[in-house]
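Undergrad: Before I ask anything, here is the structure I am working with.
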Amino acid sequence: MGSFLWGCVTDFFTYETTKSVVVKSWSVGIINRIVQLLIITYFVGWVFIHEKAYQVTETGIESSVMTKVKGFGHYHNRVMDVADYVFPSQGEGIFCIMTRLITTENQFQSKLITGVCLKTSNDSQGWCEVKGWCPVENDNVKDKSVIDVEDFTIFIKNSIRFPLFDVTRGNFPSTMTSEEIKSCKYNPEQSPFCPIFRVGDILNYTGQNAADLAEKGGEIGIIIEWKCNLDQNIDYCVPKYSFTRLDAPFAKNAISKGYNFRFAKYFKTDNGTEFRTLHKVFAIRFDVMVTGNAGKFDAIPTLINLVAAFTSVGLGTVLCDIILLNFMKGAEQYKAKKFEEIEASLAQSPASQFSLKPDIKSSYDSGAISLSNSEHPI
């Protein structure tokens with residue numbers, strides 16, 4: 001038992017150092033170089049393809065959006081302009097264009113019959129009454145939609161800033177004249193930087209039909225994406241637009257389909273009695289969403305990733321050692337040369353500090369031992 005414990009102690013207090021063994025084998029050498037080349041190619045290619053590998057990246061984009069809708073529509077023999085069909089009127093990043101309207105006029109505060117009230121005596125029944133606005137709204141009204149909604153235009157003015165790099169950009173060129181803006185319409189290929197968007201085109205980009213959306217309303221997302229490589233000319237920092245229907249998961253639901261809201265206008269009679277007109281608005285809601293990031297070259301992430309790449313070259317050595325120690329002829333000779341055990345005594349003279357174990361030959365070529373196929377059939 002004591003010898004076992006002493007063996008554990010002596011094995012624990014040992015020192016291991018690397019030893020260079022040169023194996024002259026075509027097959028192993030080719031495998032080693034191919035693995036090293038593949039690793040270097042992969043990592044170096046990854047570093048230069050992925051901008052984040054050599055750039056400082058900022059995702060905290062600051063953004064401001066202003067919108068303006070233009071166009072004339074027709075509804076119930078009335079001409080409607082933006083003051084009639086756009087909500088809210090301030091020109092924000094979220095706005096609605098009305099497509100259909102249910103109006104309940106001359107509502108007064110009164111009592112409503114809401115349902116059956118079961119009484120506790122004589123099994124008689126009566127009607128429950130609550131106070132509210134009468135007459136009540138009729139949701140079953142089928143009415144036509146606003147005509148010409150597809151021809152309305154939306155002007156989007158978006159300014160962004162990357163505070164880390166103090167870079168500010170706008171969504172259309174500063175050299176663009178008012179005449180050019182008025183005459184252009186956004187097209188992803190012909191006019192990708194035009195800030196005027198036709199409603200019908202936006203719906204087409206999302207695969208939606210204006211007539212279907214007009215019936216129940218819906219939500220459309222206008223996404224402005226800024227991806228800027230600030231190592232290039234700042235003129236290449238431009239927006240990219242995409243469009244999607246945000247309420248698509250609920251489009252086929254039996255309830256809560258589309259988009260609508262209510263508002264009321266209040267009046268008073270000559271004797272001071274208050275009444276109102278209730279409006280239920282079905283609309284297409286537009287959400288302008290801005291995302292983006294900017295990157296610029298930095299030496300620190302570049303060096304970190306390159307060091308990681310070249311460090312990984314050691315995987316080639318690991319693979320070749322596995323092959324030599326387990327799958328090739330002469331594995332025992334290679335194992336004997338690679339793993340050599342010596343005993344060191346600090347009390348000996350400098351010329352004989354280390355003694356090799358029996359049957360182990362010393363090497364005088366800076367720690368390198370050469371194995372060739374002629375001497376050892378590996």
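Numbering starts at 1 and runs along the chain as it is shown here.
Heads up, the Cβ atoms here are built off N, Cα and C, so glycines get one too.
Pulled these features from TrEMBL for this protein:
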- LYS68, VAL69, LYS70, THR153, ASN260, PHE261, ARG262, LYS280: ATP binding site (BINDING)
- 363-378: compositional bias 'Polar residues' (COMPBIAS)
- CYS184-CYS194: disulfide bond (DISULFID)
- CYS228-CYS237: disulfide bond (DISULFID)
- 348-378: region 'Disordered' (REGION)
- 303-328: transmembrane segment (TRANSMEM)
Undergrad: What is the Cβ neighbour count of CYS228 (disulfide bond) at a 10 Å cut-off, with all protein chains included?
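TA: The Cβ of CYS228 (disulfide bond) has 23 Cβ neighbours within 10 Å.
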Undergrad: Could you measure between ASN260 (ATP binding site) and CYS228 (disulfide bond) for me? Cα positions, answer in whole angstrom.
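TA: About 38 Å separates the two Cα atoms.
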Undergrad: Just going by other Cβ atoms within 10 Å, which of the recorded positions VAL69, CYS184, CYS194, CYS237 has the emptiest spot?
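TA: Among the recorded positions VAL69, CYS184, CYS194, CYS237, the sparsest Cβ neighbourhood within 10 Å belongs to CYS184.
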Undergrad: Determine the minimum-neighbour residue: among LYS68, ARG262, LYS280, listed as binding-site residues, which Cβ has the fewest other Cβ atoms within 10 angstroms?
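TA: Least crowded of the binding-site residues LYS68, ARG262, LYS280, by Cβ count within 10 Å, is ARG262.
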Undergrad: Any same-chain residues 6+ apart from LYS70 (ATP binding site) with CB under 8 Å of its CB? Would you list them in sequence order, or say none?
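TA: The list for LYS70 (ATP binding site) reads VAL82, PHE152, THR153, PHE155, given in order along the sequence.
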Undergrad: Need one number for the ATP-binding residues LYS68, VAL69, LYS70, THR153, ASN260, PHE261, ARG262, LYS280: the maximum pairwise CA distance in Å, whole number please.
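TA: In whole numbers, the farthest two Cα atoms are 24 Å apart.
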Undergrad: Taking the Cα atoms as reference points, how far is CYS237 (disulfide bond) from ARG262 (ATP binding site) in Å?
TA: 42
Undergrad: Roughly how many Å lie between the Cα atoms of ARG262 (ATP binding site) and CYS194 (disulfide bond), rounded to a whole value?
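TA: The Cα atom of ARG262 (ATP binding site) is 34 Å away from the Cα atom of CYS194 (disulfide bond).
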Undergrad: Using a Cβ cut-off under 8 Å and a sequence separation of 6 or more, which residues in the same chain sit near PHE261 (ATP binding site)?
TA: PHE87, CYS96, LYS280, VAL281, ALA283
Undergrad: So how many other Cβ atoms are close to THR153 (ATP binding site), meaning within 10 Å of its Cβ?
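TA: Looking across every protein chain shown, the total is 17.
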Undergrad: Taking only the Cα atoms, work out how far LYS68 (ATP binding site) lies from CYS194 (disulfide bond), in Å, as a whole number.
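TA: If we compare the Cα positions of LYS68 (ATP binding site) and CYS194 (disulfide bond), the gap is 14 Å.
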Undergrad: How long is the line from the C-alpha of CYS194 (disulfide bond) to the C-alpha of VAL69 (ATP binding site), rounded to the nearest angstrom?
TA: 15
